[in-house]
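The block underneath contains the structure these notes are about, expressed in structure tokens.
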Amino acid sequence: MAVLEILTAPDPRLRVQSKQVTDVASVQTLIDDLLDTLYATDNGIGLAAPQVGREEAIVVIDLSDNRDQPLVLINPKVVSGSNKEMGQEGCLSVPDYYADVERYTSVVVEALDREGKPLRIETSDFLAIVMQHEIDHLSGNLFIDYLSPLKQQMAMKKVKKHVKNRAR
């Protein structure tokens with residue numbers, strides 16, 4: 001198990017289309033590494049494999065206060081959604097930037113769990129938003145893609161400043 005480097009925009013690896021996982025046993029170490037990486041952050045609640053430079057269609061989410069209730073989604077897809085609303089989002093790959101994004105507040109997501117068993121999640125709470133955000137990463141999309149060009153520029157300035165400060 002290892003804490004991996006989280007890529008930051010505009011790294012082109014964040015734009016890669018994820019590949020479906022066909023052998024769940026072969027990604028168990030990656031799942032552990034994704035969880036270790038998520039838990040090593042101060043405020044992360046979700047992480048997708050592309051954010052650490054991997055192409056597998058895997059996301060991990062943990063909304064629990066104690067960070068001890070991980071949700072692992074392999075090959076997830078949003079099969080339906082309703083009731084769009086604006087809500088503030090941030091992203092570990094776009095550090096120090098938050099913006100309002102329109103998302104479904106109610107979704108149905110289908111995926112495989114860590115053991116490879118089919119899973120269907122119907123939710124109308126914060127998890128709905130987080131799942132959409134993380135699943136977007138699997139298509140090479142970031143939350144800032146939903147923003148105006150001006151706001152995208154502002155986001156990238158903040159990211160560059162964050163990366164520069166971190167390098168000191």
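Using N, Cα and C of the backbone, Cβ positions are placed for all residues, glycine too.
Swiss-Prot lists Cys91, His133, His137 with the feature Fe cation binding site, giving sequence analysis as the kind of evidence. Cβ-based neighbour count (10 Å, all protein chains) for His133 (Fe cation binding site) stands at 23.
Annotation comment: Swiss-Prot describes Glu134 as active site, evidence class sequence analysis. Contacts of Glu134 (active site) defined by a Cβ separation under 8 A and a same-chain sequence distance of 6+ are given as Gly46, Leu47, Ala48, Val59, Ile61, Leu73, Pro76, in order along the sequence.
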Practice problem: Sort out the sequence-distant neighbours of His137 (Fe cation binding site) for me: same chain, 6+ apart, CB within less than 8 Å of its CB, listed by position. | Solution: Leu14, Ser18, Ala48, Ala49, Pro50, Gln51, Val59, Ser93
Practice problem: Determine, from DSSP, whether His133 (Fe cation binding site) sits in helix, strand or coil. | Solution: helix
Exercise. Other than Cys91, His133, His137, which residues of the same chain sit close to Fe cation? List them in sequence order, counting a residue when its Cβ is within 8 Å of the Cβ centroid of the site.
Key: Gly46, Ala48, Gln51, Glu89, Leu92, Ser93, Glu134, Asp136, Asn141, Leu142, Phe143
